[in-house]
């Protein structure tokens, strides 16, 4: 029983471990590599039956503590359901999630990080420790170059440079060098950061030559700035055919018959070593010649030719450049070749003396019918104009520095002549019009041998109803010429005859004479109606624009072109045969933007809160490329498209707008267009409520003010009756009342008129003296007698501003003139007043 207890405990622990592991599945690289100061990217995925991950801890070199039943070790990172606790170094990042991604990043990584990384995962029902090996070196470890099993010259191969490192936070590059020099071929670099592998790979494709054999290829690891980190080198083993060169004795490879020649085949390079040797002459293998040296004893002229050596190895045969061996000998019996035989009378004939010799013959002797031809010592005899007496047998003898040859059989010269006095005759009556049927015949005087055929030129799909007769159906236009030839062994051509076909004008086109560049509005423009040819030459011209007749001259001139002159132009040219029209030519006039206007959608009155679109419409060629918008203060708006969209539109947007359009020719601007934004019912309701309340408050205050004013006036009136009255003066100023402007454009301008000035109206009222008391005043007449020195008058004046604006043609913006009224009131007492003339004085003072 005591022995059974530990075994049962072990079985239970194994079962628990197995059941726990069955709930977790991880995928990641087994080992990751890096170096001091770099970073490590750990791609990782996991799968857990219980997806509710509660905590994640990253240990460095974890060890299981049996006493605490937990893992001990340096905690690089810890994440719980309550939140993340960053590491002290803040260099470890958990890039995964609580579902299936457990990717990690350590940046920077240090040498002491080498060892095991433990990923401790805990859920509600299970726990797991996943281990990952990390190898961090003190210095960047070198990449590894992978070569194909075999490299042959001129065959494309792929060199692979592999580095077991890749990290998003630490960029690197792999550089290829050949003998320390960067290779010109472009390499393809790829990286892998997957759960299967982490690496950086560079692949280089190039075609090595035999000269690359034994050269050093380097793959250099560099950082992002190109700084050297590490490298790997390999020596190329390029398999190639033997490379050969022939050395000849004598060096110029020129010998006389009976002398000896030695040729040596030198192998400059071969990989692998060569196995067989052979010699070739003029491409044919020489028997029993399988050494690097070829000896030719007592050579003959037949041994002259091109020699090369061929050496083979396991890759294939290598062949040297050819060496031409010249064996010199005296001329052999000569033969004569007659060029251009049989010869035509009047033509040139050339005789060639052919004799095999090395070196070539330097002197020749010619014979005609067995008689030596004096002065003929060249290889060729040229007779510029052959005559019948030149016929006969020709032979020759050749001579070089080694001796004189023998005269061989001669060559016979046969002198013949082509048909004589050949002519082409037109059978039709003249003149010939385009489309007519024309018949021609070919005649000649004599021929040796007899004429067997006729030729015509130019060639065409024409009929030959009989030998020497040509019929042309539907003859074409132009000054066509026809010539015929009567042929036996050779052809004699007649002089060409012109058909002189009459036709309507051809190739009519419109050509712009000026300006040579683009046509701008206002330019002087000339159009020329051109045609290539016409027969007869007397022609007339007609110009049309869009189907409308313009003129009858060859040139159409515009002193100052306008956009309205643009259109499709064509011209007509006619003669007595017919007329021809040109293709339509489009006259395009470039002009700056014009007729600009601002259109408003849905209209120039918009309720606030809605959208308003202002469109800058224009007429321009080329089309407007840039738009600028301005408000009523001529301030440019930050909008440069054709449409200005206000959404939502506000009351503050009310005002005048204008736009400016620009193209490559110039610019133009529109007049002002006013946009009115009125309040929405909601805003009006709010403002009416506020206004009504304000008016009610003002009304109450006004009523109170009127009552106080009346009480004050009553008090002042009583005081005035008690006091000795005297003249009172006061001014009353009428305030301006603004009125809406008339329907004048916002852009209207006026001119100031200094003569239209303000005025002062002045009036004095004088009253006659009277002692007649008014009804009810008898009892108080004495008391109210005025002082003798008082002048009973009322003075009234008005400072009057005329109803006009500051400018003559601008209507003022107010409905009434602003005036200052001045009055002086004299209180009259009761009693006698001195006699005075009743009058009214009125004065206007202008200032």
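Positions of Cβ are set from backbone N, Cα and C atoms, glycine also.
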Exercise for review: Kindly point out the range from 754-759, 760-765, 766-771, 772-777 that Swiss-Prot annotates with motif 'ITIM motif 1'.
Suggested key: 760-765
**Study point:** Matching range for Swiss-Prot feature annotation, transmembrane segment, among 667-687, 688-708, 709-729
**Key:** 688-708
Study note, to complete from the structure: the domain 'Ig-like C2-type 5' (505-582) resolves under DSSP into 3 helix, 43 strand, 32 coil
Check your understanding: Roughly where does the domain 'Ig-like C2-type 6' (593-676) sit in mean pLDDT, to the nearest integer?
Key -> 91
